[in-house]
């Protein structure tokens, strides 16, 4: 049929030539080319997961160094290793501060706030003093680490105060010995880590003042 000179029968039966050409089926599904090759987990994190360091070492917690520092404090005559003592390890000091506060709590003294407050002020004062005295300088974390480790003998004093009273002659002698022990160990570590030979007495004096405050909390 033609309307206005246009043949609608041809339009309805018109088929594009590209549809008339049939492609032979080869039995293969079209697969797009892979432009991105995902990296395997082993090649991204390393050839072997066993080569990765332990989680505690990545967090800066080395039990071998903690044990070496503890032995250095408990043995005042032992030579301190400056390479180990110059680390900003706060895991041991936090444990010792908690243990000191716990022993005071067993003696009926809730002094956790005083322990942490005095520790912060003492570390700040020693940080300023050691930076003025040493040529190399020292970080705040190193000062806090050394002073925290040397608090270990003070835990023995507060443990002794749970059973016996320290407000006597024997208590005063024991307290003075513990203060000298703490200050001597701290000054020994500081002069070893900062190469301050010949200045141990100058460093031991402010350390004795700091540990003397902790001793007063334990005694009274």
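Quick reminder: no glycine exception, Cβ is built from N, Cα and C everywhere.
Features reported for this protein in TrEMBL:
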type	residues	note
DOMAIN	73-217	domain 'Yip1'
TRANSMEM	90-108	transmembrane segment
TRANSMEM	114-133	transmembrane segment
TRANSMEM	140-163	transmembrane segment
TRANSMEM	169-190	transmembrane segment
TRANSMEM	202-219	transmembrane segment
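With DSSP classes pooled into helix, strand and coil, the tally for the domain 'Yip1' (73-217) is 110 helix, 0 strand, 35 coil. Looking at 90-108, 114-133, 140-163, the range that has the most CB pairs within less than 8 A of the transmembrane segment (169-190) turns out to be 140-163. Beyond the ends of the transmembrane segment (202-219), by six or more residues, the same chain brings 100, 104, 107, 109, 111, 114-115, 118, 122, 125-126, 129-130, 133, 147, 150-151, 154, 157-158, 161, 166-167, 171, 175, 178-180, 182-184, 186-187, 190-191, 196 to within a C-beta distance below 8 angstroms of the stretch. Long-range neighbours of the transmembrane segment (90-108) within the same chain, counting only residues 6 or more positions beyond its ends whose Cβ lies under 8 Å from a Cβ of the stretch, are 60-61, 66, 69-70, 115-116, 119, 141, 144-145, 147-149, 151-152, 154-155, 158-159, 161-162, 214, 217-218.
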